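First up is the structure itself, then whatever we jot down about it.
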C-alpha cells in the first residue's frame, strides 16, 4: 500500500512545534555534553599534545562500546514511541525495565576485561607506545563508568519518546557543571585536592555520569509516574520483549560498531602519520561535534514523532513528518556548518600551548568538514530516525558498510600514504565516505511504504 500524499505541502505549525519541543532540548543536551568534552580537552590540553592524543585515542576506543550499547536506547526509543502512540503503558514499562537490566549486564561484562587488560589492549589496537602509557589510567576509569553511561542513555531515550525531552537536557547541564568543576580541581589540584593529571579528568567524568544516571532513573520511575518498574514475569514474556527490542537493537548495534570501528581506524591512520596529526584530528572532531549536534535533535525527533505516528496508525502523518524533518535538517546543516567554519579563527585562543603544525592541520580539517556538514546531517536523520523507524535497519547497515569500508577507509590509506596527501587526504576520505552513505540512505528511504509499516505495527501492538 502506497502512502497518499499529504494534503498540504506546508505542515501545520503544531507539527513544527512538536519537532522543536523534542529537537531543541535534545540538541542543547548534546551541545552541553560535547561542550563538556571540549572543556575537558582544553583542560587536558594544558598538559600538552601527548595528553590530548592519549585522551582522544582512549575515547575513540571506549566509544565503540558506548555506541554499541547505545543501540539499546535507540531500540527502546523506537518501541516506546510506537507504544506511546498506541497508549500502551504496560508494554512501555516492560520494555524500559527490561532494557535497563540487559544494558547494565552487557556493560559490566564488557567493562571487566577492559579494566584488567587496559595497557595491553590499548597497544594491541594500535596506540603508539607513549600514548598507551599516558592514557591507560584515564581509559580504565572511563571504562568503569560504562554501566552508568548505559543507564543514562536508555533513560534519556525513553523520556524523549514519552515527550519529556527537557528532562535529560537539564540533567546533562547539571552533569556538565559538576564535571567541569571537578575536572579542573582533580587534574591540576585545588586546595587539599591532589593533582591527578589525566586520571582526574576521568574521575570527574565518572562522578558526573553517576549523578546523571541516578537523577534520570528518579525522573522516570519516581513521583512523575511516567513508567512502572515492571519486568516480564514469564519466560515467554521475556522472549517477546527481547525479540521486539533486539529486532531494532542488533542491526543498530552492528552499524554503531561498524561506524565506530571505522572512526577508530581513521584515528589509527592519523596516528601512523604523527602524534601531531592525531592531535589535530581530535581537535577537529571535538569542535565539529559541538556544531553538528545543533542538528542532532532532529534524529531523536524523527524517532519519537514518526514512531508515535506509526503507533497511532497514521501513515500519512508519518510520511509528512519525515519530509519536514529532512528539509529542516538541510537548513540546519548549512547554518551550523558556517558556524563550524568560523570556529577555525579561534583555534589559537582555545589551544594556546599546541604546536603550530597541529593548528594548521586542524584549520584545514575544519574547513573541509564544515563545507559538507549538511551531508552528515542528512545521514544522521535518515540513519538514526527514518530508516529504523521505517523498519529498514538493514539499509543502515548497507550504507555504513559501503561508506566506511568500501569507500572511505580504502581512499584514506591510498590518499594519505601511497599518494602522499597526508593529513588532508584523510580528511577528504571521510567526506567521500559520507557522500557514498547518503546515496545509499536516500535510495533506501524512497523504498519505504509507511502504510505497510503501520500495518505491521498494528500486529505487534495487538499481539
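Cβ atoms are placed via backbone N, Cα and C, with glycine included.
Automatic, uncurated: that is what TrEMBL annotation is.
Note that this is a predicted model, so its numbers are computed, not measured.
Features of the protein shown, as given by TrEMBL:
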type: TRANSMEM; residues: 22-43; note: transmembrane segment
type: TRANSMEM; residues: 63-83; note: transmembrane segment
type: TRANSMEM; residues: 95-118; note: transmembrane segment
type: TRANSMEM; residues: 138-159; note: transmembrane segment
type: TRANSMEM; residues: 171-195; note: transmembrane segment
type: TRANSMEM; residues: 201-221; note: transmembrane segment
type: TRANSMEM; residues: 245-269; note: transmembrane segment
type: TRANSMEM; residues: 289-312; note: transmembrane segment
type: TRANSMEM; residues: 324-352; note: transmembrane segment
type: TRANSMEM; residues: 358-375; note: transmembrane segment
type: TRANSMEM; residues: 396-415; note: transmembrane segment
Residue numbers, six or more beyond the limits of the transmembrane segment (171-195), whose CB comes under 8 Å of its CB atoms: 29, 32-33, 35-36, 39-40, 43-44, 46-47, 152, 156, 201, 203-205, 207-209, 211-212, 215-216, 219
Recorded stretch, among 22-43, 63-83, 95-118, 201-221, maximising Cβ pairs under 8 Å relative to the transmembrane segment (289-312): 22-43
Long-range environment of the transmembrane segment (358-375) - Cβ separation under 8 angstroms, sequence gap at least 6: 49, 276-277, 279-281, 283-284, 287-288, 291-292, 329-330, 333-334, 336-338, 340-341, 343-344, 347-348, 351, 423-424, 427-428, 430-431, 434-435, 438
For the transmembrane segment (245-269), sequence-distant contacts whose Cβ falls under 8 Å of one of its Cβ atoms, 6 or more beyond its ends: 56-57, 60-61, 63-64, 67-72, 74-76, 78-79, 95, 98-99, 102, 125-126, 278, 281-282, 383, 388, 393-394, 396-397, 400-401, 404-405, 408-409, 412-413, 416, 426, 429-430, 433
Same-chain residues at least 6 beyond the ends of the transmembrane segment (396-415) whose Cβ lies under 8 Å from its Cβ atoms: 251-252, 254-255, 258-259, 262, 265-266, 269, 379, 383, 387-388, 421, 424-426, 428-430, 432-434, 436-437, 440-441, 444
Tertiary contacts of the transmembrane segment (63-83), as residues 6+ beyond its ends and Cβ separation under 8 Å: 91-92, 95-96, 99, 102-103, 106-107, 110-111, 114, 143, 146, 149-150, 153-154, 156-158, 160-162, 244-250, 252-253, 255-257, 259-261, 263-264, 300, 303-308, 310-311, 384, 388-389, 457, 460-461
